[in-house]
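Q: Submitted below is the structure of interest, expressed as structure tokens.
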């Protein structure tokens, strides 16, 4: 018999009754019923019940051991009595009569329990992540991640893509978030950067003559944590294709996502084909560029209705309305509760009216609306008895942010929200540039390597804020899974694009020397995308936080509490790297959000 096991803990069934077995695993739980010990033994594959009767070697040994001790046991498979069968356990029809026990790894006092999902704070869980990963939910999430990545690889190869690796040590670049830098011992005073994304390398592969590239790529960004973004390191399905237009990129990715979410979605519906929603339409209808289409409500811009209104709360402001069917009969508590939710998201309040059976409007602001206002709103919003309407007024960005949150919450509270589905969409026609309202500076709104839709003519003739890029996002259930773009592969066009964003020719020629050199030696039209693997798994696992799907994530302050990283270097190491430290100074705007190349 094998030194440690003849079977795994999850594979024994009623057909194995009478078999002598050897198992190894962790002591998951123990119950003492009149001196008879019932032990749940756990390994990677499942759980099985052990029985150790009084006076047996197994009973004496197991009685002294703590939970999570690793043991090897010998015993015989026996059938459980009919009253003791556990139908929720694959091994629930059998148990193991223990004859021998060997301790392989004793466990001391545990910092938290493993066999329950109790309220242990995240910092504690990350400090003892190896224990946290023993929990059933976490173990299942990591195994789901493994299966998803394996499936992605298989499907990408079937779609005609080739997996290729790109460098981890590369050069820093001016676009995107902050780099993680690595000092070069052999080149004093110089630094490598860990790649924020393999952006330039995957484009260079297309210029090298390869046609369809993919990689499960590690990416590194020195940015703040969010629920859907882990600081430090993350993984993306990096994709690039030659001789393609936008729809050519959409087709294989849409097929991949549909098949992947169907395979691992546990019966949840996957909507296909994915609708294409222009960026500006998304901002107006949903309040953001990552709409949760499970919420079956849309915002309506009614700013013109109140442009010259006597109602000061709305007059001259950007005003967005949210009509909600079948809600007028809700209690005042419903309306007040949604108002409180809006305040929590930055609003000063939430104006509303409801439509009565006779078509008249009632509510806190009804008395401020003229007959013309009522008629226009009724027509514009297609109001009928039973409707309620919620209003947000103020600056465009502020109203968009608040009302996007209210839209989803109102849908959930009023019964207009779909459960058990994955609602995908493409967001297209992104603006190429944006203006910093404080400095007045024009900068790239997203990916600086995107092709402007009108080419060089647009860059030379149009207002930069009116230029659209061949850039797109794929969104699912309000989570942005990826950005992508058709690339700007023409040198002069690229230089002009950067010039508009304030980069002089010399800087661009220096920072992107490799790219420009390649573009000048025969570059094909190409484009790509990079869906986030961590976010895909987060959605499939139905987890609210991305760190629940990563084996060893950093905490919100980009610290590894288990390994103690980041660490200080001793003076000898610093001298070897030609580095001298100075007292840290808080950087102005250190926590400001950063643009990113692709996600």
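Placed from the backbone N, Cα and C atoms, the Cβ positions cover glycine too.
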Q: Could you look at 269, 281, 480 and say which one Swiss-Prot places alongside 221, 222, 223, 532, 533, 534, 535 in the ATP site?
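A: Swiss-Prot lists 221, 222, 223, 532, 533, 534, 535 binding ATP, and from 269, 281, 480 it also lists 480.
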Q: Which of these ranges is annotated region 'Aspartate' in Swiss-Prot: 191-194, 195-198, 199-202?
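A: Of 191-194, 195-198, 199-202, Swiss-Prot gives region 'Aspartate' for 199-202.
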Q: With residue 487 (L-aspartate binding site) as the reference Cα, tell me which of the binding-site residues 223, 532, 533, 534, 535 is the closest one.
A: 532
Q: Same chain only, sequence gap of 6 or more: which residues have a CB within under 8 Å of the CB of residue 533 (ATP binding site)?
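A: Sequence-distant Cβ neighbours: 145, 148, 149, 152, 216, 234, 235, 236, 237.
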Q: If you run through the region 'Aspartate' (199-202) with DSSP, how many residues end up as helix, strand and coil?
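A: Counts, helix then strand then coil: 4 helix, 0 strand, 0 coil.
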Q: Per the record, ATP is bound by 221, 222, 223, 480, 532, 533, 534, 535: how many Å separate the farthest pair of Cα atoms?
A: 19
Q: Taking every protein chain shown into account, which of the binding-site residues 222, 223, 480, 534 has the largest tally of Cβ atoms within 10 Å of its Cβ?
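A: Highest number of other Cβ atoms within 10 Å: 534.
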Q: Taking a Cβ cut-off under 8 Å, which residues six or more beyond the ends of the region 'Aspartate' (199-202) line up next to it in the same chain?
A: 166-167, 170, 173, 213, 215, 238-240, 449, 512, 514-515, 528, 597-598
Q: Let me know the DSSP-derived helix, strand or coil state of residue 532 (ATP binding site), please.
A: strand
